[in-house]
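Listed in TrEMBL for this protein:
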type: DOMAIN; residues: 10-85; note: domain 'Sm'
type: TRANSMEM; residues: 343-360; note: transmembrane segment
type: TRANSMEM; residues: 372-392; note: transmembrane segment
type: TRANSMEM; residues: 407-426; note: transmembrane segment
type: TRANSMEM; residues: 438-457; note: transmembrane segment
type: TRANSMEM; residues: 477-497; note: transmembrane segment
type: TRANSMEM; residues: 518-537; note: transmembrane segment
type: TRANSMEM; residues: 557-579; note: transmembrane segment
type: REGION; residues: 608-643; note: region 'Disordered'
Amino acid sequence: MSWAGPEDVYLSTSLASYLDKKLLVLLRDGRKLMGTLRSFDQFANAVLEGACERVIVGDLYCDIHLGLYVIRGENVVLIGELDLEREELPSHMTRVSDAEIRRAQKAEREASDLKGTMRKRMEFLDLDYMGGVRVHRSILFCVWLFMSLIVEGSVHEYRGERFVGKGNAFVVHGGSEGIYSSASGNLNETSVLPANGDSYIRFEKITFRRTQEFSNFSSGLVQAIVFEVEDRESIGGSAYGGQRAVCCTADLAKLGVCSEGEIIHRPSTKDPSWPQVFGVSFNADELVATLPSKSIQISSTGMYNLYFMHCDPNLKEVVVEGETIWKNPSGYLPGRMAPLMKFYGFMSLGFVIIGLFWFSQYARFWREVFPLQNCITLVITLGMFEMAFWYFDYVEFNETGIRPTGITVWAVTFGTIKRTVARLVILMVSMGYGVVRPTLGGLTSKVILVGVTFFVASEVLELVENVGAVSDLSGKARLFLVLPVSILDAFIIIWIFKSLSATLNKLQARRMMVKLDIYRKFTNALAVAVIVSVGWLCYELYFKANDVYNEHWQNAWVIPAFWQVLSFSLLCVICALWAPSQNTMRYAYSDDSTDEFDRDDGTLTLIKPSAIPSKDVRSSPEPRPVQASNGASDGDLEEDKTE
């Protein structure tokens, strides 16, 4: 038998004043219940009539009906009476259905789980020592915080962006993405939260803030405008053929085509309900104006643009805060990036196949392996990791709408290391490393310097293009980041072909026919790759020059995919030429003179002329073998010293 303690008796006694009144009850698990108190006991167990659970997610709320409800006293945290004469919630809150609030709860829960997962992934940084050097945890936290601030994806976040003057309007670019039309045939335009399979752009907690200094007046509208790129000409206009303006001027207002001080827009010829324009204004002494939560359904495939605009020059120092969520039918991946997820899946499979072939040959003939083949093994391994990281990066991005910084950085880093090592391997092969020379000699430091410089330049460029990506636009990296990589690539290519020419001459002079044959095939493959690369560069420049507004976004994924396919094809050629086998050592460098000449025509025979023979007696010539390799080797050593 249990007895009520003094606290329970006091609580139950105080509940008597709440009988037959509408209460708000906060439970230990965070739920909020509302209803009329009809009964209670000494343990504070209470009975609510007409009970409902109020669920709030952002600016959305819903009262889920429960009916007659019994609450155990031990689960109660707080009880309070509701004032029926006052508004229960702020005016900007939007009431939605049960199904919509459940979807909002699920989305909020997934976002919370993702943050927890990211924190767990960063726990490996919580180390006292790394490589014998003590690392301060606050520095690691700052690095993580910096990376988290630049994560942007289909969830576009606005952290105090300021309006910039463009003509007679003030503008903030909210994002641009290619979006496919909704998969479901029946779109509910009034739904705040779309169903799964729908394409939409959702506005959540978008607020405009102004300073106290400029808050003593009512303002004009601050508007959000969403339009498809083909309807760009429907934004703005001009009076009597004059200068084109975005904001409605007095002359245009006299013509009756717009309201002065608002954004000029005309209905689209394809869909009169587009472009979508809505806004909010500041009241006097009001510092914050909030856009209502809104979801715009996408019924037509296209490149969509979002801009926040206002025409009031008195609205100085106004900033935008909040976020918009852009979604395609298959997930949160922007339209241009969506095909790349499948592409990297196929590329991962391709690297697995070539890896199985190479590693099986490597295991069978591991005694015959020479250093060059170890470098090729490293490139294949790096490629497998790179493709896998890119695939999982896009998969998680598609599921959550937030770009996973950790996976993206790893994918970029593995890709940059792979490209650097691949270029150095091709350069070393071109110099004859492991084939006609055992080492690079004095060139080693130069090759390493070029490799390190290329890695740093490429890593910075890739991090800016991928980790800092916000909108679904073709790569528009800064020129000062692209130029160093392009110049280094051109320098390495010239160095490769110059070295190949010298190596081919050496092999021909020494009459190493087997090695000469394989080097000629390698040279032809490289020449084809360079010619195709130049042709594709010309096409890429043509494509971008004729796609200023990203209208061809559905085909833009082919451009980065081509370079991956080209490098993979060249890797396949190298693997076919230098695959480990029982005859591998025929291609390797050896000090054995008989091997140096491939055992074919290894010696040259000089015939010593004899005196004029008589008619009956013939003198047989005296052969004298001459080791031609001595001269060639001496010349090679002298050339190495010179280089």
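Including glycine, each Cβ sits where the backbone N, Cα and C put it.
Caution: TrEMBL annotation is automatic and unverified by curators.
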Problem set entry | Long-range neighbours of the transmembrane segment (438-457), counting only residues six or more past its ends (CB under 8 A) | 416-417, 419-421, 423-424, 427-428, 431, 481, 484-485, 488-489, 491-492, 495, 589, 640-641, 643
Exercise. Under an 8 Å Cβ to Cβ limit, what residues of the same chain, 6 or more beyond the ends of the transmembrane segment (518-537), are close to it?
Worked result: 426, 429, 435, 493, 496-497, 500, 503-504, 507, 562-563, 566, 569-570, 573-574, 577-578, 587
For this session: Looking only at the domain 'Sm' (10-85), report the model's average pLDDT.
Result: 84
Problem set entry | For the domain 'Sm' (10-85), the number of residues DSSP places in helix, strand and coil | 12 helix, 45 strand, 19 coil
